[in-house]
Amino acid sequence: MEVGAEQGRAQGNGRSAAAAGKPHSSPCNSLKMFLVALSFAYFAKALSGSYMKSTITQLERRFDIPSYLIGVIDGSFEVGNLLVIAFVSYFGAKLHRPKIIAVGCVLMSIGTFIIALPHFIIGRYQYETSVRWVANSTLNPSPCPVGSPADLPQDRKLPHMPATGCEGDSNLSMWIYVLLGNVLRGIGETPVQPLGISYIDDFASEENAALYVGCVQTISVVGPVFGYLLGSLCAKIYVDIGFVKMETITITPSDARWVGAWWLGYLIAGFITLLSAIPFWFLPRSLDIPGSQGSEKCTPEETSFIKDPHSVKHKYPTDQNTTFIEMAKDFIPTLRTLLGNPVYLIYLCVSIIQLNSLIGMVTYKPKYIEQHFRQSASKANFLMGVINIPAVALGMFSGGLLMKRLKLNIMGAARFAFSTSLIGYILSLFFFAMSCENAKVAGVTLPYNSLDSISYDKHSVFTACNSDCFCSASDWDPVCGENGITYVSPCLAGCANSSGSGKNTVFSSCSCIGVAGNFTASTGQCPEKDDCDRMFPYFLALSVVTSFIISLGGTPGYMFLIRCISPQLKSLALGFHALATRTLAGIPAPIYFGAIIDTTCLKWGQKRCGGIGACRIYNTTAYRIAYLGLTLSLRTASFIICIPGFILLSQQLRKEERNAIHGVLANGGTELEEEFVISNSDQSQQTADNTTDRETRL
């Protein structure tokens, strides 16, 4: 008991006592163990985060919510960070960092499990369809119920009757669980990045720090590979798998109403995150710095960082026991010192704007691939995980390796990151040329009376050919006519009869299809992929190239953040950077990107209990311009802000160089004066000796 207590006290006494607590564990091995544990934690949090983005269309359809609400759910992760990140970054740096990271991983795991909870308390998924699964196909009801025109209101829309059982079914109460779980995920993720990276930079040599950070960042990009692959797998599985007979499901994964088993991936991600917490409980609070011989010798980081003349001395390093009140009193002056660094402020502004662009783009990129290139959610997630994300991982690792090989200083790292971002920006302009035509949907993108010209008149679903049918304009139950045109529903296609059941249902005597009005239609939208199939490979190739080039500057840019401030402010600088970017980029970007995307919707779905649901079809041309235009406009603004940043950085470096030269000259002048006095003394002594010698000879 006494030995264990003494070891605990020795471990709490800082880096000098770390060896006493772990007599048989070298600092190098402990640092490598921490590097492996942190890499796994980065992998777990990146996997669950990317899986969240891969399920946005599934969540939209399952809870019948628009894209901007999905943006609110996605941004709630950053809200969790916002609540605690400043305090965790500041106070956590003075406490046991590995154990704080372990607690964070446990909270992330709990939050991930809460996200999956609604599936087990909500009812079965019910989508709008006129197709029925019946044993005797001759009993199929007519898709075109005949009604009197007097029975219809003036806008020819059927009054919506809420489904039975709606009193106890609140969609709001269901997606609110997802939001709260994501907030808890954000709280748990808070200590991983600032405390983990600062721990590595504190106890690794300068030449290895960049490589280690590059390795961790690379692993954090490998996590999304598995996250998107998991999303691809779960998107193929029907949401209520195991609870319904699959032969009764009349839609396919490519249908706009399909919902995959979104909940299954969250259970898997939560379990992996829980495992990542285990190693941190057994790691020491601090380590010996490699190559340090005593307190008189400066650490490598102290010689490589910009020295801020106004920075305060760190009063309470990690090897001293301090009270919470003492640390709290030091918080405001330290924060004021940090924000007084103009280079750090410019970097912060550039990061916020670029992350707005990046987060908005990445959040809705799978959806963009689905809607613009008409791919299934499963295929879009698979391509993101197999093609796009590995290019990012390779780029980030290569950036860290190049920084070590080229031995880039702070100005070199800034120029490298800026150049790669600019090249990627120029290449991204070619995405505007990679377009697909809108899907041909009668009454939505094409008028019934002219099926050759594109039109977006949303009030033209009713026409003479379906005037005898008692149809609803709010339903989305698409059928593909023999003429290659998609119709919103069999009723609006004027189909009088149907045969078969399930996915094999065939509608006949459709008065709106063909000149004679006697063509048939099948369930689902028409493929119409000829033009998109030719353009899609070029889109993927350019996406890979731009992702690789932009990510090359990721690690140098991150090391620039660490080395543009004094070492004592490192943890706070990382934490405040994460706080600002999450608050001003992570939270608003998915919301306003989603709101702008919602404006391009042509046909909204209908909630089971009334109200507008998820979007069923978009104007792909407007979607492309809005999505790409907003992304590149934000990056343009960031490049403009970089100009004064480079000017301030060069001025600060020249000022430090002059101060260093003056210091050397001052020290050198003192040494020259001492040497002059000694030299004069020696010459006088030599003259006296020579005189004595001459007198002796005489």
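Indices start at 1 and increase along the chain as displayed.
Every residue gets a Cβ built from N, Cα and C, even glycine.
Quick caveat, the model's predicted, so the values are computed rather than measured.
The annotation compositional bias 'Polar residues' is assigned in TrEMBL to 679-690. What TrEMBL lists as domain 'Major facilitator superfamily (MFS) profile' is 34-654. Residues or ranges marked as domain 'Kazal-like' by TrEMBL: 459-514. Positions annotated as region 'Disordered' by TrEMBL: 1-23, 679-698. Positions annotated as transmembrane segment by TrEMBL: 68-88, 100-122, 263-283, 344-362, 382-402, 414-434, 535-561, 573-597, 625-649.
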For the domain 'Kazal-like' (459-514), the number of residues DSSP places in helix, strand and coil: 6 helix, 16 strand, 34 coil
Result, the transmembrane segment (382-402) in contact with the transmembrane segment (535-561) (3+ CB pairs under 8 Å): yes
For the transmembrane segment (573-597): best-contacting stretch of 68-88, 100-122, 382-402, 414-434, by Cβ pairs under 8 Å: 68-88
Tertiary contacts of the transmembrane segment (414-434) (same chain, 6+ residues out, Cβ under 8 Å): 354, 399, 402-403, 408, 535, 538-539, 542, 545-547, 549-554, 556-557, 560, 624-625, 628, 631-632, 635-636, 638-639, 642, 645-646, 649
Stretch of maximal Cβ-Cβ contact with the transmembrane segment (100-122) [cut-off: under 8 Å; candidates 68-88, 263-283, 344-362, 382-402, 625-649]: 263-283
Average pLDDT across the domain 'Kazal-like' (459-514), rounded to a whole number: 80
Distal contacts, the transmembrane segment (625-649) - CB-CB under 8 A, six or more residues away: 342-343, 346-347, 349-350, 353-354, 356-357, 360-361, 364, 368, 410-411, 414-415, 418, 421-422, 425, 428-429, 431-432, 564, 593, 596-597, 599-600
Contacting positions for the transmembrane segment (68-88) when only residues 6+ beyond its ends and CB under 8 Å are counted: 49, 52-53, 56, 59-60, 100, 111, 175, 178-180, 182-191, 194-195, 363, 575-576, 578-579, 582-583, 586-595, 598
